[in-house]
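Residues annotated as transmembrane segment in TrEMBL: 12-29, 41-60, 67-84, 96-119, 126-144, 174-190, 220-241, 261-286, 306-329.
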Amino acid sequence: MMLSENFEAKLALGVGLLLIGFPWLVNWLEEPYLVSTASRIWIYALAALSLNLLLGYAGLVSFGHAAYMGVGAYVVGILAWHQYEETNFLGLPGTLEGLIAIPVSMIVSGIVALGIGALCLRTRGIYFIMITLAFAQMLFYFFVSLERYGGDDGLMMMDGRNKIPGLDLGEDRQMYWICLIVLGLATWFLRRLSLSRFGMVLQALRQNETRLTAIGVPPYPYMLVAFVVSGALAGLSGALLTNHMEFVSPDFLHWTRSGDLLIMVILGGIGTWTGPILGAIVFLLLEEFLPLLFHGMGLYLLSEHWRLVFGPALICIVLFAKGGLHALLFQKMKGVDDTFAN
């Protein structure tokens, strides 16, 4: 049965009001730490959305996407470290100014994605997956080797979070708003991009690259642009994550982080713009509370290895729920298949 536009409007309004009132709601419930948890969810949702541009639209399975997230995180951390030490980096002073550090993190992540994508996109299938993984691990060990910036132990933001005029990123509620607004703007931008000629070409590439090449459309430039945009947005999520945690370490780039992002996209629904957000919400809430639940039940082994339960659940969703959580929540109500429209 088709949902009426009136119902959809009410649903959107209800979700919007819940998101707006969430900080006050959890404060009333005397669980203020959930504001910080929600900020972390929005940050990872942004990273998952950036991966979805490659996976859901271009059909490119990148197993090293956390590398761009980590590069963006380290740019913010390194600039903050040089600000604290009052030293220069490549001849330039460090800074805590968010309006400088965060855009620079996106630019650097985009440049790294450009270099990696220029090589990786000459391959397909398992070779593409393995090369993206190889580059990501190279970057991981590169940051491990940087003893000046903490090496394997990571790097603290000694002077706190970035400074943005008129805002206080050190206040969790304001950090929540910033992460939520950035996620909303990124979702709007990517949705508009997907509906443009560029997005249509990406979808055609995913469906039949040979046919698209035969009609005179070169796939390489389109995929490379998608790779750079995806990497820059992942860098933005990394910059926000460093500010959120006031810390960065090589673990941000580890292949397991890339695996987590893939799980979020698959769990939520590949090729949708609400799916990766849903996937991030469910995945991170389970990561946060499932171990506590098992520990409270006396299941200490499962408390430590909670993914033993999560893994089979993910397999069931992949096998029996085409389109992931997005399909379960929306498509059955609407009665239409709008995988590449939301």
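A Cβ is built for glycine as well, from the same backbone N, Cα and C atoms used for every other residue.
Counting C-beta pairs under 8 angstroms (sequence separation of 6 or more), the transmembrane segment (41-60) fails to reach the transmembrane segment (306-329), with fewer than 3 such pairs. Under the criterion of 3 or more C-beta pairs below 8 Å, with sequence separation of 6 or more, the transmembrane segment (174-190) and the transmembrane segment (220-241) qualify as touching. The stretches the transmembrane segment (96-119) and the transmembrane segment (126-144) are in mutual contact, each linked to the other by at least three Cβ pairs under 8 Å (pairs 6 or more apart in sequence). With a cut-off of 8 Å between Cβ atoms, the residues of this chain six or more beyond the transmembrane segment (220-241) that come close are 40, 43-44, 46-47, 49-51, 53-54, 57-58, 60, 62, 65-66, 68-76, 101-102, 105-110, 112-114, 116-118, 120-122, 178-179, 182, 186, 190, 193, 198, 201-202, 205, 248, 252.
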